[in-house]
Amino acid sequence: MGEVGESEKYLLNRHKEHHFTAGETVRDIIIGFSDGLTVPFALAAGLSGANASSSIILTAGIAEVAAGAISMGLGGYLAAKSEADHYTRELRREQEEIDTIPDTEAAEVAEILAEYGVEPHEYWPVVNSLRKNPKAWLDFMMKFELGLEKPNPRRALQSALTIAISYVLSGLIPLLPYMFIPIAQKAVVSSVIVTIFALLIFGFAKGYFTGNKPVWSALQTALIGAIASAAAFGMAKGCASSVFE
């Protein structure tokens with residue numbers, strides 16, 4: 001395939017684009033933090049509503065954080081591994097089609113370019129050039145026909161660790177007050193304040209990195225966490241009242 005000319009290289013070097021390229025990592029952090037802040041928070045609030053002691057809430061909360069981190073991390077690993085396996089299967093299938101029905105695949109390249117408004121006299125040289133470079137042809141078909149990018153071979157493990165660590169770090173935040181305040185009914189108030197503040201910060205950061213309105217994202221995230229904890233507290237309080245009546 002041809003190389004970029006000197007004038008094009010000069011223009012590219014003059015203009016360096018700054019795009020955010022860590023989308024997958026941010027997605028994993030969001031998954032881990034959102035569940036890590038919400039689930040242990042709701043559990044601790046629910047147990048507080050059931051009049052459990054701070055030590056019991058702390059023990060149950062840490063157990064949940066450990067189990068949740070393992071479960072979420074494993075889920076992230078399997079999801080990333082499944083994506084990699086899917087890419088490999090499609091890569092083999094596309095390679096087989098290029099080898100067995102090259103004319104049909106070349107016509108598909110022409111069709112793809114035509115959808116971008118490229119005229120026949122303009123895209124046929126491109127098609128013929130790709131046919132001379134099977135590796136580039138295969139890469140073109142994977143990206144533009146199937147919309148698949150080659151996954152990072154370490155992606156599955158990175159996803160698992162990122163989600164699990166994010167879950168642990170965020171899951172311990174709602175439990176911090178129970179480590180220092182022995183009376184659960186007082187600890188839950190501090191837990192609510194600390195966690196809502198953490199949810200606001202997390203929601204703001206999430207909105208900033210995902211291109212949404214940070215303030216709205218912060219309020220939305222905090223509201224969801226507050227509703228989850230209030231529901232858990234209310235249900236536990238109701239169950240405790242009915243059991244001990």
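Each residue, glycine too, has its Cβ placed from N, Cα and C.
Fe cation 1 is bound by GLU94, GLU97, GLU105, GLU108 in Swiss-Prot, and the record lists one more residue there from GLU64, GLU122, GLU145, which is GLU145. Relative to the membrane, VAL26 and GLY238 are listed by Swiss-Prot as lying on separate sides. For GLU105 (Fe cation 2 binding site), other Cβ atoms within 10 Å of its Cβ number 21. Fewest Cβ neighbours within 10 Å among the binding-site residues GLU94, GLU97: that distinction goes to GLU97. The secondary structure of GLU94 (Fe cation 2 binding site), as reduced to three states from DSSP, is helical.
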